[in-house]
Amino acid sequence: MAQLISVVLVLGLVFLAFSPICFCGKTTGGYLYPQFYDRSCPKAREIVHSIVAKAVAKEARMAASLLRLHFHDCFVKGCDASVLLDSTGSIVSEKGSNPNRNSLRGFEVIDEIKSALEKECPQTVSCADIMALSARDSTVLTGGPSWEVPLGRRDSRGASLSGSNNNIPAPNNTFQTILTKFKLKGLNVVDLVALSGSHTIGNARCTSFRQRLYNQSGNGKPD
């Protein structure tokens, strides 16, 4: 079972890294590219990797949690770190949505990375890029391949509670509903299997998806 979780987690992270929801093409001031911080914060990737490695060594499940955190962020308003925002007078946090409330994890790891980067190069590295790098590094740390992460995302100044409630695939959604939600993001059934499988098996309980495995959805066939 442990090997299955590791393999599916790696596959999910790889597909997440190369999917359209993560690499949006443009950002304020130009295109995303891996060398974005080479001059402004040359140690950025090293700092991210070091802290993610420490977190995963302390708790192996954190690799899946960081994947899920990035996944839930990207499915709402793009990969803009809006999921990290707390509620204020003008913002209703996505943390309180049905998919995220009392289940989304890894915030403290992102906070630790951000704090370290602020000491190294203040007001330079976005939280959105931190989350994308953390997802890649989690892949490497669980035995998967490495790849270059295009950087230069900008953090959102707003959140969407309704988007979080409605856009993120739910564990009790039917297969067709989940497939539709993926297609709306430009993703296909291969992306669905990799992402849903990795973050569910790696980060949830069997009760979250057993209705689809054992034909409890009433459609006559297991998904």
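From the backbone N, Cα and C atoms, a Cβ is placed for every residue, glycine too.
As recorded in TrEMBL, the features of this protein are as follows:
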BINDING   Asp73, Val76, Gly78, Asp80, Ser82, Glu94  Ca(2+) 1 binding site
BINDING   Pro169  substrate binding site
BINDING   His199  heme b binding site
BINDING   Thr200  Ca(2+) 2 binding site
DISULFID  Cys41-Cys121  disulfide bond
DISULFID  Cys74-Cys79  disulfide bond
DOMAIN    31-223  domain 'Plant heme peroxidase family profile'
SIGNAL    1-24  signal peptide
SITE      Arg68  site 'Transition state stabilizer'
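Neighbours of the Ca(2+) 1 site: apart from Asp73, Val76, Gly78, Asp80, Ser82, Glu94, residues of the same chain with C-beta atoms within 8 angstroms of the site's C-beta centroid are Cys74, Phe75, Lys77, Cys79, Ala81, Val83, Ser156, Ala159, Ser160, Gly163, Ser164.
Fewest Cβ neighbours within 10 Å among the recorded positions Cys41, Cys74, Val76, Cys79: that distinction goes to Cys41.
If you check the binding-site residues Asp73, Glu94, Pro169 against Cys79 (disulfide bond), the ones with a Cα inside 10 Å of its Cα are Asp73. Comparing the Cα of Val76 (Ca(2+) 1 binding site) with the Cα of every entry in Cys41, Arg68, Cys121, Pro169, these being the recorded positions, the smallest distance points to Pro169. When the recorded positions Cys41, Arg68, Cys121, Pro169 are compared by Cα distance to Asp80 (Ca(2+) 1 binding site), the shortest distance belongs to Arg68.
Close to Cys74 (disulfide bond), meaning Cα to Cα within 10 A, are the following binding-site residues out of Ser82, Glu94, Pro169: Ser82.
Fewest Cβ neighbours within 10 Å among the binding-site residues Asp73, Asp80, Glu94: this applies to Asp80.
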